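> Taken from Swiss-Prot, the feature active site, nucleophile covers D52. Positions annotated as substrate binding site by Swiss-Prot, on the basis of sequence analysis: Y110.
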Amino acid sequence: MLYLLLSIEYDGYDYSGWVKQKNARTIQGELEKAFFGICHQKIWTLGASKTDAGVHACDQKVLVKLTFQPRHLAFFIKTVSQTLPPNINIKGYQFVAENFSVRTVKVKEYVYTINDQEYDLFNHRYELKVNAPLNVKKLHQISQIFVGTHDFAYFAGVKPTEDIATVHTINKIWVKRNKAKKIEIHFRGKIFIRYQIRMLTQNILACYAGKVSLTELQAQLNCPPKGTTTKYCAKPYGLCLKKIKYLYTVKLNYKKLIIL
C-alpha cells in the first residue's frame, strides 16, 4: 500500500464543492475519475477541507491510497494531473505514513476577495463585487470581534439535528488590499465549519453598512440564539482556501511535476 499527500488547486466556480456526490460534478469526483482513467481501478481519496460549491482552492491537501507502486511516480502523478479538467491541477505530492491524518492540521488559511473598484470581467468568478468604496481599516476593526474562541453556531450552516461542535478558535483575521487594489479578508484557524467564513464575511460587511451593530454581533457570539442562523452569507465564489499547514513540516515534491 502506498500513501501520498497531494497539493491541488482548483477553480471551484463550476463545481458542487469538494465532496463526491452521485448526481453532481465535484472536485473529488473529478480527481477519482482521473485516477480511474489511468489505473482502471477505484482509488481512495480524502480531502483536508470540504470546500463548498463554488469555492476555490490554491492549496487543498488530499490523501491518496494506492494499492500498487507506479514505476515512475512523478510521471504517473503528472499524467493524472493532465487527465483532469483544465480548472483542476495537481501542484505536488509527497509520501506519507499509513497513519497520517490529512484532517489533523495545524492551521488553515482562507481568503475572501472583495472588489470595490471597477467591474473586472476576467476576475468576476473569484471576487464579490460591491458598488461603493470600502475602508480597509474599518473592516479590519469590525473583523476583530470574531478573533479568539467563540461559539459560532449562529454564524455557521449547522442544522439542529447535526452533532457538530460549534465552539472553535480563529487565531487571526486581517484585512488588506492586494496588488490589484482588491480587498482581501484573511481568516486563519484550525477548524472552520460549513458556511462559517462566508457568514462572517457578510456580517462584517453588514456591520460596516450599519445593518447590524457590533453589540449585536457580540451577543450572538456570547449567547447564540438556539436553532437559528444569520441571514447574511457572502457568495461562495469570492472565497479561496489559500493554504494548509500541518504540525510538522510536509515537503511536497513540486520540481518533478514541473520538469517531466
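Cβ from N, Cα, C; glycine included.
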> Between the Cα atoms of D52 (active site, nucleophile) and the residue listed as 'substrate binding site', what distance do you get, rounded to the nearest Å?
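Computed Cα spacing between D52 (active site, nucleophile) and the residue listed as 'substrate binding site' is 13 Å.
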> Tell me, by DSSP, whether the residue listed as 'substrate binding site' is helix, strand or coil?
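Strand, per DSSP.
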> Using a Cβ-Cβ cut-off under 8 angstroms and a sequence gap of six or more, which residues of the chain neighbour the residue listed as 'substrate binding site'?
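In sequence order, H186, F187, F192, I197, L239, C240, L241, K242 meet the Cβ cut-off.
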> Quick check: in three-state DSSP terms, what is D52 (active site, nucleophile)?
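In the DSSP reduction, D52 (active site, nucleophile) maps to coil.
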